[in-house]
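First up is the structure itself, then whatever we jot down about it.
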Amino acid sequence: MARAKLPRSPSEGKAGPGGAPAGASAPEEPHGLSPLLPARGGGSVGSDVGQRVQVEFYVNENTFKERLKLFFIKNQRSSLRIRLFNFSLKLLTCLLYIVRVLMDDPALGIGCWGCPKQNYTFNESSSEINWAPILWVERKVALWAIQVLVAIISFLETMLLIYLSYKGNIWEQIFRVSFILEMINTLPFIITIFWPPLRNLFIPVFLNCWLAKHALENMINDFHRAILRSQSAMFNQVLILFCTLLCLVFTGTCGIQHLERAGDNLSLLTSFYFCIVTFSTVGYGDVTPKIWPSQLLVVIMICVALVVLPLQFEELVYLWMERQKSGGNYSRHRAQTEKHVILCVSSLKIDLLMDFLNEFYAHPRLQDYYVVILCPTEMDIQVRRVLQIPLWSQRVIYLQGSALKDQDLMRAKMDNGEACFILSSRNEVDRTAADHQTILRAWAVKDFAPNCPLYVQILKPENKFHVKFAEHVVCEEECKYAMLALNCICPATSTLITLLVHTSRGQEGQDSPEQWQRMYGRCSGNEVYHVRMGDSKFFREYEGKSFTYAAFHAHKKYGVCLIGLKREDNKSILLNPGPRHILAASDTCFYINITKEENSAFIFKQEEKQKRKGFAGQGLYEGSSRLPVHSIIASMGTVAMDLQNTECRPTQSSGGSGGSKLALPTENGSGSRRPSIAPVLEVADSSTLLPCDLLSDQSEDEMTPSDDEGLSVVEYVKGYPPNSPYIGSSPTLCHLLPVKAPFCCLRLDKGCKHNSYEDAKAYGFKNKLIIVSAETAGNGLYNFIVPLRAYYRPRRELNPIVLLLDNKPDHHFLEAICCFPMVYYMEGSVDNLDSLLQCGIIYADNLVVVDKESTMSAEEDYMADAKTIVNVQTMFRLFPSLSITTELTHPSNMRFMQFRAKDSYSLALSKLEKRERENGSNLAFMFRLPFAAGRVFSISMLDTLLYQSFVKDYMIPITRLLLGLDTTPGSGYLCAMKISEDDLWIRTYGRLFQKLCSSSAEIPIGIYRTQCHVFSTEPHDVRAQSQVSVSVEDCEDTQEAKGPWGARAGTGGGSTHGRHTAGSDPAEHPLLRRKSLPWARRLSRKGSRHAGKAAAEWISQQRLSLYRRSERQELSELVKNRMKHLGLPTTGYEDVANLTASDVMNRVNLGYLQDEMNDHQNTLSYVLINPPPDTRLEPNDIVYLIRSDPLAHVASSSQSRKNSCSNKLASCNPETRDETQL
């Protein structure tokens, strides 16, 4: 009941405006005016202005009936007490009935109250029934008084509830079963007060057990309401079933016992025994009813049981099945004693579940955690089968419910959870709506359990700022586009990052007969770990030393790769802070290794033994007949670096390769010795530091344009993009246009008043194009452009970017990209040949095919990628020299990117993948050639990045730094450089590590290797001849096509895959045009030696080659005809027969390269993360580097930087070099 009063005004109680005293009654309002409204006009009405009137609310609740109804029915707590009292009364009546039965003995006489008693003996031969033992019982006065008192209380309570619940239909209340039973068990006792002879009348009080059951059900419902808990239907149904069985047995026991008073006079225990035997369908037959009333009661009870119990069991089974679907509850006791995390998803697929479980439980300290899945949809059949496996059934609990309901969050014990993972449904057609659902879930969890750490996955970058309160957030489109952009300049970046963020022990492929699979699988086990430097055995000895010194020596000694650190007083992680950074004991070091330091064993005795071997080798080396150093190292079985004297004198650098960091130094005297490498200094020397090659060379290039570019080139400026397309993007210093380009100039295929160019050829680009095919110009596409226009990319090596969009971009997106140089767009589709030709695909170096949102969901599982796979395969056939990177929805579909039905090597890889999956590998797909080569990518591979953050909270910041999404001042960036034939004097990866650390302070973290491979099953001799001829010619042409080492893949120098430089003629070094005739003659001579079957196979092979040649000519003619129809020049289109040697060596689009004369000679590429120091370098290796921030230490002038460069490059002068030391 609630009342409210209007607040009293300060003037109340004083005289009114009309002079009336405060206590005087206000005059009556004329014409029915409200007392709350001021009267208009003069006279007495105006005297009421300013007075207030008390108003009472809910006056109808003040009645006596409403008060009683509130107490007995509406109020949960008082109603619960009333029902508990009623339940106790019913149990008391049943107990009094049992007491009366035990005290009553029919043998002592039977009769009414005050009447003479008659003895009765049962006669089995007589068919007549004496009803007196059934109608009359012996009831003591005290027992009668108690029963009468209980009956009166029950009767009054029943009548009161009937009155309070009356709603106009009295007959509905009267004919209720509970009311009838109450009247049967209470009215006779009340009548016996006024008519004493009836005090011994039999009254079936045992029927009160059914009323007790009804009261118990109502009491349980009120109990759940009172304590504000969700009602457990399963518990209620089990309770109802148990009470029904108990009431049936109790009713049958008491009924048969009473009726058999006229028969064998069974005891209460014997009747109970009979009921149990009968209801259990055992039926011994030793106890049977003798008279027909008891037999009729048994029939009735059996019929009731056959009707009631199946219904109860059916309801119980239904609720059990529903509970299996919804998952029940996570118990409070378990939540307080065990640790658990919650996974919130809108729909749970088997791939998502297995990725999460495999990655989450890959960490040893998470083995005792429980995973509670909260999903609004019903459990999938495949998910149900997986969760029934004993490995997961004991640790994974599925709850069907919504994160927006507090009841479901309470069921999952969200407030006790260690973490909550909220994942978006990426397969939704409307990804924005999926993000909105994720945001609401994150808000709901934060509102319910503010102390539970949140790990949120968001799809669109513009929605990221809504969940910035979460501890860890991964934006899918940000990471995806940045990774695809780096794939164009640092090949296979997607594979590198994917392997780093997956948990692996490096055991994959170790049983394979292929050497590359064993090495690739071993290196894939490298992950990022952290350790406090003062507590580390790896880095403790380098306290007070420079970062590059510690990185090199830790890699040389322990094989670990130090990539970054974090100061104790700064939360920002710095990748390769450079040689000026001095390590402190409080620094947190981040390093790449197979396992963390705590799980590593250090065998120092063997190391000392190897050192002694090294000294013995040195003695051999100093003799007159010296052995090659690499032979001594190989015999030692360990890694040794030859360090020179730290004293260096600047000299004039020689021409040619003098501008390269890895240039071979000119030795003094004979060239029998292996060149040595400058040592890595403990403390940085300002005269030998270099990011000068980046800053000075770049500035020179910008200040003095080269001759081939001309003087009309627009100068670029460095700055931050003025317009960010969404909130929350990290500001990055980029190359920008001095003045924003008009929107009309961004259209590649249409001229405007500013220029008349209508195709890529007319623009005259010096570098090859990068084409991105996407459905819409989403805000995430902005993150594809920024890494390719970052300030540390030299201007002369920037590649033009063409956005091939299905839908026209909006002005908001164009406003964001119009400040970047050489960024264009055109409308078209990747499955339209005309669109591809117009956007300049024949002048492109890389094509990125982004997964379309409209095709991410399909009726049949895993069919979402069908259109993309077929389109990419078509482009591969039309433009075989193009490097294509494809994004797929499902990682398992990457096997179709290289599908050849009769290829034995593909079949072997498929078997290897299945075997690795059976062994429990999280990276079973890693040996698929498109993935290993970085030609295919799926964003679901990065889901583990969010899962790993639960154990490694630094993984997301490090990944964002590697991808260029965040630019922390002083932190380095990821780039790549290519090893040429001239650089093989370095020989090993460890020596390369030393060279880079000592010269340019760069940290190598891995190798992207491309090598020839034979996949065929043809006869051995023909295969060997083909392999040798092609391999030798490849090497020759590659050497001819090489320029100086200085061009790096990481900065866009030429092609990242080792093709000819961007400005060279595409038709240069025509391999097949120059070599086809001698090659064919050799093959003819080889074939003439064969006889019989071998000759027939050779002829068949040649016929197949001719057939494929004709097919390629047909495709070539198709492309040329379309170009002529569109008015495009055909001079740029390169026929398949004119592939250059570098193209042959680096055609790894889909894992295969089919040569015209040998369809089985192929190349494969793969990534080696942190390989051992003694790994031999090979031609065309591309080394991943973390280069220090060039703006971190720009204190000196441009001239001092140039002098620093000269000093560094001249440090290899042989005059200052001592004997090479092991």
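Using N, Cα and C of the backbone, Cβ positions are placed for all residues, glycine too.
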Quick one: which of 265-284, 485-504, 545-564, 825-844 does TrEMBL have down as transmembrane segment? 265-284
Ranges 1-37, 593-629: which does TrEMBL label region 'Disordered'? 1-37
Mean per-residue pLDDT computed across the domain 'RCK N-terminal' (338-474): 89
Residues in the domain 'RCK N-terminal' (338-474) per DSSP class, helix first, strand next, coil last, are 59 helix, 28 strand, 50 coil
List, by number or range, the same-chain residues at least 6 past the transmembrane segment (238-259) whose CB is under 8 A from its CB atoms? 94, 97, 101, 134, 202, 204, 206-207, 209-210, 213, 216-217, 220, 266-268, 270-272, 274-276, 278-279, 289, 291, 293-294, 297-298, 301, 304-305, 308-309, 312-313, 316
Chain residues in Cβ proximity to the transmembrane segment (265-284) (below 8 Å; excluding those fewer than six residues from its ends, i.e. six or more beyond): 98, 101-102, 106-107, 122, 248-249, 252-254, 256-257, 298, 301-302, 305
